[in-house]
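For reference, Swiss-Prot has these:
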- 56, 58, 78, 187: Zn(2+) 1 binding site (BINDING)
- 58, 212, 213, 214, 215, 216, 217, 236, 241, 306, 307, 308, 334, 384: NAD(+) binding site (BINDING)
- 58, 78: alcohol binding site (BINDING)
- 108, 111, 114, 122: Zn(2+) 2 binding site (BINDING)
């Protein structure tokens, strides 16, 4: 790896940009709106002007986190849309003025994994929650006005008017698509829809169970609906989620708080005469992964986990059940999607009125209101809140 810190030998003709950013300086404390400096892009990098950015629960998770991989001060945010302001050397995919989606999942197009249709896990830039640029060691493109380094987040850091990304994390898109809708495919909607469409490959007429009807679970429901699932059963502790879920294709609902003596899996197995074809765990609980696995049908059932539990959490499965029941358990990161291949396909499905994105956006606010938006997310009052830059 090279040292990519900005210095006087930077060959780019572009200069540092001074702009506003919402900086997370201490765990759980309100973000600080301040002016920062954004360095020019290095080779294979792109500097973009953010048009709008959306909030994701991953932002809240790392805003709260007090142990590694948390680090401060940091610029969070990873679901956004922007316009290319400048490019570093060796960047050929995009040019100044292109509309792009930043993605936390790299798609380098060069490694064995990116060239294979079997995986979306880039081996050249393995996914990790690093505070640095992915191509260069210990390298940030952000500093505050005192010269202190500000850390990156998930290869994106969209809570800033300008940000710098590796070209592996940028997807060029049609500029005519409404920004507040297109940005959703930068993370959340792609993750859920892709889990149903690409990871699980949900079949027409199948039965799907979704644990957790937050934004990701609702996106899974949307994906299952697009795939033609005949039954989409939502499981949640909040009964009001059923009414919301119905807009996304949820056909039935199980309130896990009112199952009395029966486990949720027992209720689901009775409802489905032996188990669902596909189960999705969207909460981030190892115990729910086990429950989802118990809900899926022997012989062909698939359990897909999308949530993240605390580090070190273990999933315990009976080895007899694993051997004799022939089920599949797998993880799905970014819905198994290759960003540069699949995002344009999803955008076309939006333009053809198949993929419904409008219903995900419940709030639109100014960037300066970001702390109010965080509160809405913490209180469960929004699905997706889009923040517009000035």
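Including glycine, each Cβ sits where the backbone N, Cα and C put it.
Small disclaimer: the values here were computed from a predicted structure and weren't measured.
Overlay of Swiss-Prot feature records on the structure.
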{"residue": "58", "record": "Zn(2+) 1 binding site", "DSSP class": "helix"}
{"residue": "108", "record": "Zn(2+) 2 binding site", "DSSP class": "coil"}
{"residue": "114", "record": "Zn(2+) 2 binding site", "DSSP class": "helix"}
{"residue": "122", "record": "Zn(2+) 2 binding site", "DSSP class": "coil"}
{"residue": "187", "record": "Zn(2+) 1 binding site", "DSSP class": "coil"}
{"residue": "213", "record": "NAD(+) binding site", "DSSP class": "coil"}
{"residue": "241", "record": "NAD(+) binding site", "DSSP class": "helix"}
{"residue": "334", "record": "NAD(+) binding site", "DSSP class": "helix"}
Next on the checklist: Can you give me the Cα-Cα distance between residue 114 (Zn(2+) 2 binding site) and residue 187 (Zn(2+) 1 binding site) in Å, rounded to a whole number?
Outcome noted: 18
Next on the checklist: Just to verify a number: CA distance, residue 334 (NAD(+) binding site) to residue 187 (Zn(2+) 1 binding site), in angstrom, no decimals.
Outcome noted: 7
Checklist entry - So which of the binding-site residues is most packed in, judged by how many other Cβ atoms lie within 10 Å of its Cβ, out of 56, 111? => result 56
Checklist outcome for this item: Out of the binding-site residues 187, 213, the residue with the smallest number of other Cβ atoms within 10 Å is 213
Checklist entry - Using an 8 Å cut-off from the Cβ centroid of 108, 111, 114, 122, can you name the remaining same-chain residues around the Zn(2+) 2 site, in sequence order? => result 106, 107, 109, 110, 112, 113, 115, 123, 124, 125, 168
Item to check | Listed binding-site residues 111, 122, 215, 241, filtered to Cα within 10 Å of residue 56 (Zn(2+) 1 binding site) | outcome: 215
Checklist outcome for this item: Judged by other C-beta atoms within 10 Å of its C-beta, the most isolated of the binding-site residues 58, 215 is 58
Checklist entry - Which of 78, 241 (the binding-site residues) has the most other Cβ atoms within 10 Å? => result 78
Checklist outcome for this item: Among the binding-site residues listed as 78, 108, 111, 122, the Cα nearest the Cα of residue 307 (NAD(+) binding site) belongs to 78
Next on the checklist: Tell me which of the binding-site residues 58, 78, 213 ends up closest to residue 111 (Zn(2+) 2 binding site) in space, Cα to Cα.
Outcome noted: 78
